[in-house]
Amino acid sequence: MGRLLKLREAHKTDAPATCSVVWAHDGSHLATSCASDTEVLIHDLSAPPPGRSGSAAGSSPVVLRHHKEGVTAISLGPTAGPLASGSFDHSVKLYSFPGGTFQGNVTRFTLPIKSLAFNKSGSLLAAAGDDDGIKLISTIDLTISRVLKGHRGPVTGLSFDPKHDYLASIDSFGTVIYWELSTGKQLHTLKSIAPNYNSDSSVLNTLSWRPDGEMLAVPGLRNDVVMYDRDTGEKLFNLRGDHEKSVCSFCWSPNGKYLATSGLDKQVLIWDVDLKQDIERQKFEERVCGLSWKPVGNALAVIDVMGRFGIWDNPVPASMKSPTEGVVFNEPNVLFEDEDEDEVLGKGISCYSGSLDDTIEKGSGDFSPISRKRVKKRGPLFDEGEEEVLQEIDSRKRRRESENKRGDGEIRERGARMQDAFQAGSTPPQEGKRRFLCYTLLGCVTSLENDGFSHVEVDFHDTGRGPRVPSMTDYFGFTMAALNESGCVLANPCKGEKNMSTLMYRPFGSWANNSEWSMRFESEEVKVVALGKNWVAAVTSLNFLRIFTESGLQMHILSVNGPVVAAAGSGDLLAVVTHASDCLSSGEQILEIKVFNINEATQTISGRLPLTPYSHLTWLGFSEDGRLGSFDSKGNLRVYSDQFGGSWLPVFSVEKARKSEDENYWIVGFNATKLFCIVCKSPESYPSVMPKPVLTILEFSSPLASSDLGADEVENEFMMTNLQLSEIRKKIKDMEAFGLDVTTLDDEAFSLEVKLDRCILKLIASCCHSDRLVRATELARLLNTQKSLKGAITIVTASKLPILQEKFSCILEERMLDDSKTPEPIPIVRSNRKASNTIQPPVRLSPMMERTPDLNNRTPNTIKPQIKSSPASETLKLVKPHSSIRENLAQGEEVSKDRELGKLEKLATFVKVKGNVTSEVAGKEGSSSATENAKPELKIPINPFAKVKKVT
């Protein structure tokens, strides 16, 4: 550290106040301001006293006295651009620089202004403060082009992306928002990542893009500065050194290699960002609240809260690279971007018809817009016409903007990076607030940091599904967790070279004391954890998948193919998502998923994980019935299905469910037909622990194309029901292969068949109305029962479509003929009357899949205990003891037909189409048929070992 830097007074103040300093682009002038002073000073540095490090001016400064109250912020436009100032008097004013001539009022707010910023081209000025909204002001005509709303507190810091894509803003609560300039939408919201200064108005949160625009610097919560990625908003790394209190101000060197930071501890540190190490420091008498690096040299301007400023010469040691190395000086006027205005318009041509110096302030909030008319002066280009020149300039700017503009959410090539690992259901840390380590449909694990350690609590949504778990003190700093009915697993990453990553499992019930166990990892770091039936899994930074038993026994160690992204467990199944390769130049993630059966030590699924273009994975999990699902940042939920050899089916899209643009959906889980999520209002993208989040249930909705039938809801219901029915049928097939009882699933399948037929009948009615007869014929072939086919015939008859009626009648005849040709199976009669423990394979009966006792064995034990109450079982006492098997079989067919007619009674009402009006009418043919075929109330059961086909 060099000798103590002496500061000189610029602004008089009796109490600490926010002060600002900016340096001219050529290094010849400095501008300073103070919140307790109404003046803005412009200091001429062209002739400083020789040999006086820390001196600030060689002549008296230019004094600007146009504000009525203290000046809270100043900003300098690019390359001889104007100087803007904001004040407690709610106004923003413009001055020429370095002349200091007042040019006019830009805009007014209803509350004090806290921050100003020009974009790199100087075409936009952003202004914000205690008001609700950030104003983007065009510097060409001084009109407000857009107002950005999303912060819930005073906006204290603004910074334009040097690549013209984003505006970053920070408020007094420490929330950072990435704004997309092309649309004005919030791209990323990073809540409470910076210190909370809402109660201290003398300290303002700030932020700044690195000159190359690749990362954003934000003050951290641990007396550090944190770098965030420009495109994803994810944390890259932090700079943490000898600051004893929070960082309150910083600025980048011209080449972006160094960063100067000042803290509440009255220190200023110089950092080598690549080395992540501080290389120089200065201690001051008061807190330094403003920093500005000299654009053309190795010097740093500082100003403290008492209005004193000075220049720190050679903050970067001479032995290191210069802070201006690689910087191109004498940049052209960036309002005309690549070419100097004089080169385009000719030497000596003025930019405006009248000088801004001539504009006078007419009153509060009044200003004279700058004229866009240009004066024709000497220059050969104007001989060919001024309009052609202006059109060429506008055309060139539009081409450049078109080249730079990308699709919504697209990651630029230079900023493309692989997605970091995340724990599904966890939320980022918030200073002084409880956070979720895990949140599922079963319950949640929360943590609250306090004085270097945390309190961890486990809560079940339904107290009947889990025991009451006492809270625990966390000395490791757990950041991730997984939960099931038996226990929970927690883990933390490495916090430093001496702090190892820890994995802990905490069972909720055990016959032995001290059943809790933990594992330490010296050379690797736990990235994600998962929990299943009698096993615990963790994936580490060495791409190891480590599997433990509930007691802590290390069972398996597998190598995964790439860096892990997420993991989830359910029962015997463990799903792990990893990077299959580096991401594409467009930023698209290449992810791979594997599903392991831990109990059988097998791999059931392996392949690519599909994502929406330009998105990343945000959630992974299983439903309660074991279905695997994934959710991406574009709001699309996909569920894995065995259809087509194993495919991911899109079953939900946020775009269709979102009611307003400020809604963000935080996924919790899903079941066969519904998605469970928590709806967060922007700028929040995740819920807080208190108040307790409210769960929102949304129906699945496939991303269907706009149908020409105008029946999108019915088509969606048809597709979802068909998918659900196929899953149920697969389960029935698998359970029958093991000889398990499928009675409940049979009833569920029949209900879905009825529901599916109802959807098909509605679609047939829409096809008749839209004259889509071929499609109606295809739908008729999908009907499951003959009763539904008769209903379809009634619909086309009412619609007066005789050709379609004939087609449907042929389909019905074919169905009846196929049923009659099916050979009747010979019933199996077992003569052994002894009790047997052998489980007989169940027999499916069409269409109701009922189970009845063996009538041949007339002992009281022939009625199996798994038989549920049904109309057939209730009449067992009416069976004639000496009736033959064939007689019972024939009577059983009639019972089967009667039960089918009873369950399909709701399908007796059909849709009648007349013109544009669709109404429901009773099917006359169905009614007469039901009357003629009416049967007596006495019902006879059927043989359970005979597969019976209904005979019409």
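Just so it is clear, glycine is given a Cβ too, placed from its N, Cα and C backbone atoms.
Model, not experiment: these values are computed from the prediction.
The range from 47-69, 346-368, 369-391, 921-943 that TrEMBL describes as region 'Disordered' is residues 921-943.
Tertiary proximity for the repeat 'WD' (64-96) is limited to same-chain residues at least six positions away from its ends with a CB under 8 Å from its CB atoms, namely 17-18, 20, 22-25, 31-42, 102-118, 120-122, 125, 127, 129, 137, 139, 331-335, 356-357, 361, 364-365. As a summary of secondary structure, the repeat 'WD' (148-189) carries 0 helix, 22 strand, 20 coil according to DSSP. Secondary structure counts, DSSP: the repeat 'WD' (240-281) has 0 helix, 23 strand, 19 coil.
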